[in-house]
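According to Swiss-Prot, the protein carries these features:
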DISULFID  C21-C43  disulfide bond
DOMAIN    22-150  domain 'Ig-like C2-type'
DISULFID  C40-C121  disulfide bond
CARBOHYD  N93  N-linked glycosylation site
CARBOHYD  N110  N-linked glycosylation site
CARBOHYD  N114  N-linked glycosylation site
CARBOHYD  N135  N-linked glycosylation site
TRANSMEM  158-179  transmembrane segment
Amino acid sequence: MGTLLALVVGAALVSSAWGGCVEVDSETEAVYGMTFKILCISCKRRSETTAETFTEWTFRQKGTEEFVKILRYENEVLQLEEDERFEGRVVWNGSRGTKDLQDLSIFITNVTYNHSGDYECHVYRLLFFENYEHNTSVVKKIHIEVVDKANRDMASIVSEIMMYVLIVVLTIWLVAEMVYCYKKIAAATEAAAQENASEYLAITSESKENCTGVQVAE
């Protein structure tokens, strides 16, 4: 049990140490008329490296062939292209207050069927090193389908089941630990009581012998 606890704690520490930036895939099913978040996360390989980043998003509507630019975000300024499909519907939801963008996500409000298609999140990053600078670029591709109502995918169902299984396992483990500790404390208490009783009997016996010796001497 102690080994299991050590493994759990160790995993938590590792997770927290690497938890500064985690690349997560976006959801791909948007509900008509609702607000939908398209995730785009691009982590630096070395967090201590200074960098400046900007992004451009492009979109290819379902049934068409060409990608068109819908926005650019640079120096904390969101520049939207003139496009009726996205007019008044795009909201920046990525990193703020920094030029070193790692979360480049957006919201699309009041989703319509015209928003079904392929999105590309282009990430352009300039890395500053001691003696030189280095440009990198990454493209995150996301395919979005717009549906009438939300459908739970298999991944979310499995995740929920695993969560409940984990809760049950941890509860059983906690109860077992409590029972184990209780038995250990009870055994230690009983041993201490027996030891005290033995000492008391030994002292009583010795006192009687001393008293008998005194009487004989008299």
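Just so you know, glycine gets a Cβ as well, placed from its N, Cα and C.
Model, not experiment: these values are computed from the prediction.
Checked against C40 (disulfide bond), the recorded positions C21, N93, N110, N114, N135 differ in C-alpha distance, with N93 being the nearest. Counting other Cβ atoms within 10 Å of each Cβ, the lowest count among the glycosylation sites N93, N110, N114, N135 belongs to N135.
A C-beta separation below 8 Å, combined with a sequence spacing of at least six in one chain, links C121 (disulfide bond) to I38, C40, S42, T55, W57, L104, V139, K140, K141, I142. C121 (disulfide bond) carries a strand DSSP state (E or B).
Long-range C-beta contacts of C21 (disulfide bond), restricted to its own chain and to partners at least six residues apart, with a cutoff below 8 Å, comprise I41, C43, K44, S47, Q102. The candidate set comprises the disulfide-bonded residues C40, C43. Of these, C40 has the most other Cβ atoms within 10 Å.
In terms of DSSP helix, strand and coil, the domain 'Ig-like C2-type' (22-150) has 3 helix, 64 strand, 62 coil.
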